[in-house]
Amino acid sequence: MAFTNVCLWTLLAFMLTWTVFYVTNRGKKATQLADAVVEEREDGATDVIIVGAGVGGSALAYALAKDGRRVHVIERDLREPERIMGEFMQPGGRLMLSKLGLEDCLEGIDAQKATGMTVYKDGKEAVASFPVDNNNFPFDPSARSFHNGRFVQRLRQKASSLPNVRLEEGTVKSLIEEKGVIKGVTYKNSAGEETTALAPLTVVCDGCYSNLRRSLNDNNAEVLSYQVGFISKNCQLEEPEKLKLIMSKPSFTMLYQISSTDVRCVFEVLPNNIPSISNGEMATFVKNTIAPQVPLKLRKIFLKGIDEGEHIKAMPTKKMTATLSEKKGVILLGDAFNMRHPAIASGMMVLLSDILILRRLLQPLSNLGNAQKISQVIKSFYDIRKPMSATVNTLGNAFSQVLVASTDEAKEAMRQGCYDYLSSGGFRTSGMMALLGGMNPRPISLIYHLCAITLSSIGHLLSPFPSPLRIWHSLRLFGLAMKMLVPHLKAEGVSQMLFPVNAAAYSKSYMAATAL
């Protein structure tokens, strides 16, 4: 019995000694870590690493640097990019840009003013303009179209002009991770040397082809179609302030002025039948299939780029629901985080909105090294962004589906109903254009207009009298509309889509006239 007591007391003494040692040692480590953070601040260490210096990376670098953060931006290629997307800034995007102090980046690049669009279908045309009497939108209700590369270079120049921004050309190979926390990146610099960069916060903003996303979550992008584009040079559209949307086959065609002398021509092809660009099949397809559907007054300009041998580029259109990473110390942004069909040209607008939100949430934090607080910021960011992102994601993906031509009577009725709705004028046109332009980021308003288009299309389908076949097609049309909407209700969240309180809070914080 005595031996047993001795063993128990010995074990208890050992446990107490170990506990005291553990707590003391842990306290020392915490103190050392805090001292290291202070030392890093004193030594001019980086606060934030941004992977990618496109629109998002450059804008975020500028915003965070203006708040006193020391930012290291690593971009694979600092030459002026050539893209066929990211060339149209909606009114809502311009508002976000101005709130970030970057509106002047649209100056000096020959950007063109756009006040709406002209829609063409089956020989008819209708003008749909951004509403000028929207009292809830505190900014000039016009868009801008431009060469994407020129805009990106202006953003890079503006960001790198700040002394606490380091813009470096390099290829990021991987993220540095310790116990579920991202500490920085490993990258190859312009000299070909592999090196590391460390910071308490890493932002991955490297676009739709992100090679870092798969190490943060298992989110995969779905390819929807391909957008094919080229430039017709030394010409100007009739009414250049209106984007031209042609409801052609197999899908839509667009023309818009991206400089005083250049017109972007772009059309969509479905993924199961893409003509080859390299062997000339695509140019033949443009001349024989797409061009005859372009209105005569636009056709000469449309064909000019092909006839002059301008380079044709094709880009996949993708969609991907936003998903948070479980790893700490890292944030995904832009197309690396969330994608939708680019039919409504609103990707940059969502991205700039995200940057505004993230900047505001980070401003109260004096030290970004607290991974727990950063995780809370990211969760809040994910919820706050929903009114804008859910509206744009749902509208972009739904609108692109409606624009695809079909021999199916129900689908074609929906397509015709969309054209009729946009061309009807009044609150229908102004309401839809406010949504398209990011002037009214309210999911419930979008649902209202989608339901109105559906009911209008059903009414058109049932006239002049509801035969059994027409009733059947109407039911199918309603089913198609639900297939467009329900997946987004699930993906974005029913409460975020249906309850207006979140949208009201977003509008008050991020759509007001006052700067952030």
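Note that Cβ sites are derived from N, Cα and C of the backbone, with glycine treated the same way.
Computed from a predicted structure; not experimentally measured.
The FAD binding site feature in Swiss-Prot is assigned to VAL55, GLY56, GLU75, ARG76, ARG83, PHE88, ARG156, VAL172, ASP335, MET348. The Cβ neighbour count for ARG156 (FAD binding site), using a 10 Å radius over every protein chain in view, is 25.
Per Swiss-Prot, transmembrane segment is recorded for 3-23 (among others).
With a cut-off of 8 Å between Cβ atoms, the residues of this chain six or more beyond the transmembrane segment (45-65) that come close are 71-76, 78, 81, 86, 97, 100-102, 151-152, 155-156, 158-159, 162, 164-167, 172, 184-185, 197-207, 212, 333-334, 336, 348, 351-352, 354-356, 358-359, 362, 368. The feature transmembrane segment is assigned by Swiss-Prot to 45-65 (among others), with sequence analysis given as support.
Taken from Swiss-Prot, the feature transmembrane segment covers 446-466 (among others).
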Go through GLU75, ASP335, our binding-site residues, and report the one whose Cβ sees the most other Cβ atoms within 10 Å.
ASP335
According to DSSP, which of helix, strand or coil covers ARG83 (FAD binding site)?
coil
Between the two most separated Cα atoms in VAL55, GLY56, GLU75, ARG76, ARG83, PHE88, ARG156, VAL172, ASP335, MET348, the residues recorded as binding FAD, what distance in Å do you get?
29
Any idea what DSSP makes of ASP335 (FAD binding site), helix, strand or coil?
helix
